[in-house]
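**Student:** Feature annotation from TrEMBL assigns active site, nucleophile to 84. The feature active site is assigned by TrEMBL to 170, 172. Summarising the annotation, TrEMBL assigns domain 'GMPS ATP-PPase' to 197-386. The ATP binding site annotation in TrEMBL covers 224, 225, 226, 227, 228, 229, 230.
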Ligand SMILES: Nc1ncnc2c1ncn2[C@@H]1O[C@H](COP(=O)(O)OP(=O)(O)OP(=O)(O)O)[C@@H](O)[C@H]1O
Ligand SMILES: O=c1[nH]c(=O)c2[nH+]cn([C@@H]3O[C@H](COP(=O)(O)O)[C@@H](O)[C@H]3O)c2[nH]1
Ligand SMILES: NC(=O)CC[C@H](N)C(=O)O
Ligand SMILES: [Mg+2]
């Protein structure tokens, strides 16, 4: 982060919504970062935060391994808002009592506000809020007052009349309609934030930071043609000019015509050094016989870096690698507090002996925020609104072993799916739509002949940020067109199914 930039820190206690809290703060034009709960106090203070927000979390404060922060943070005078577990922890550490609630609350609850000042300033006396807790505050710490309650939770919001506040409900979720106002009351009213940060300021800051770090040295940028790396490349290019070289890798796992289109678009629209590397043989060789999804991801992550190293050698000494890593890539690869969902090639999949220093200007952002940065930078809309395509490409959509034959089948099926969605005018309404080649063969009958061939699955989802997603209710006629065309036009496929699971419990990609 930039020196003297007004900022707020979210201390993460493993909550599901920590990243949502950060987003809400950024939506209020305040720069926000998420740090693990055990970040040393000195490190927190060195960022001079205007306020700190404690997230929720799955633990109970009275359980043995409950995550705790440095207690001295309460003496710093920094305004702190505890949310759910965060409030319970504040209460527990300051001498109050937390116990399992008689009646847990999940979902909607009616909040009755006792004190309209402070975080409830300007709001109604009765508010709808969203709850998710099994523990409750029984006794308040000394100096604290109850600010609001619900039928089952006598201390649903608390404050010490000065800088410490807590809420049992989740103001960050969309199901708490006045949540934004409550957070803003805390950020502006209590913490005195100004809200001067913006996407424009963000870009300027990142350019400055990259210049400071790299100086006159050289950097590579891993460019995929997707929105994240395109935005990262534009920012890095503004900072470094010709000292930046973009590398686009064709790992043999791209979609139909993708390599050609990416190179054309970039040569055409951007005046940056761009090298396109055909590395398909080496990737496919290393993937031979590999069926485990995580093993595939790690091989691809490593091979990407080996390709970048080889290219770097040809260009002289290069110390830095720019990547378009986003926050969801980081959290799904596993953090101190969050479980590994899948190893994203550009985070968890990086080899141990990485010889580049990474530059990841978008590491704290979500896709829709990156899209706004892209528009700000003048990136063409066709790139800004392109559906995400994972770095490991078709390797995570060909289930089981990846072979050239299977890739060829999937490429054709996928091209039909995309084409039909675009024809139906629905591309812009979906987060992603694609085909998956399952490892299942089944019996069919075509032209009076028995067939025994692959099953293709169609996946289409809507989502705001890729963290949660719902399967798209595509029109039957559209599904019918896709199915008919795939079976008729793609040899090797005799059955098409539609994936009707949301995330969670599934993920968007199948591997
Ligand atoms: N084929 C590729 N060649 C070079 N770098 C790549 C390639 N695929 C992915 N990367 C790198 O890995 C990063 C993560 O990939 P990811 O797919 O999440 O982002 P993206 O491709 O930039 O955007 P999108 O999510 O919209 O596809 C990219 O930002 C880029 O730095
Ligand atoms: O760059 C990437 N490297 C990866 O290893 C990777 N795995 C998944 N994805 C994309 O991330 C989003 C969430 O995916 P999942 O629901 O499958 O976890 C979806 O948009 C996926 O397409 C990846 N992107
Ligand atoms: N969502 C949360 O932060 C839950 C906190 C705590 N585990 C409870 O159930 O009350
Ligand atoms: Mg991509």
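Any Cβ shown, glycine's included, is placed from N, Cα and C.
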**Student:** Could you list the residues of the same chain, at least six apart in sequence, whose Cβ is under 8 A from the Cβ of residue 84 (active site, nucleophile)?
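**Tutor:** Counting only residues 6 or more apart in sequence, the Cβ neighbours of residue 84 (active site, nucleophile) under 8 Å are 15, 55, 56, 57, 132, 133, 167, 168, 169, 170.
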**Student:** In whole Å, note down how far the CA of residue 172 (active site) lies from the CA of residue 229 (ATP binding site).
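**Tutor:** Given the Cα positions, residue 229 (ATP binding site) is 29 Å from residue 172 (active site).
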**Student:** For the binding-site residues listed here, 224, 230, which shows the highest count of neighbouring CB atoms within 10 A?
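**Tutor:** The residue with the densest Cβ neighbourhood is 230.
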**Student:** If I restrict to non-local contacts, at least six residues apart, and a C-beta distance under 8 angstroms, what lies near residue 228 (ATP binding site) in its own chain?
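**Tutor:** Listed in sequence order, they are 324, 325, 326, 362, 367, 370, 388.
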**Student:** Sequence gap of 6 or more, C-beta under 8 Å: which same-chain residues meet both conditions with respect to residue 227 (ATP binding site)?
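**Tutor:** Within the chain, residue 227 (ATP binding site) has Cβ neighbours under 8 Å at 324, 367, 370, 371, 374, 379, 383, 384, 385, 386, 388.
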**Student:** Is any of 84, 170, 172, 225, 228 (recorded positions) within Cβ reach of ligand 1, i.e. under 6 A, and which?
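**Tutor:** The qualifying recorded positions are 228.
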**Student:** Taking the Cβ of residue 172 (active site) as reference, which residues of that chain separated by at least 6 in sequence fall under 8 Å from it?
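**Tutor:** Long-range Cβ contacts: 17, 20, 21, 23, 24, 83, 179, 183.
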**Student:** Those recorded positions, 84, 226, 227, 228, 229, 230: which ones have a Cβ sitting under 6 Å from ligand 3?
**Tutor:** 84
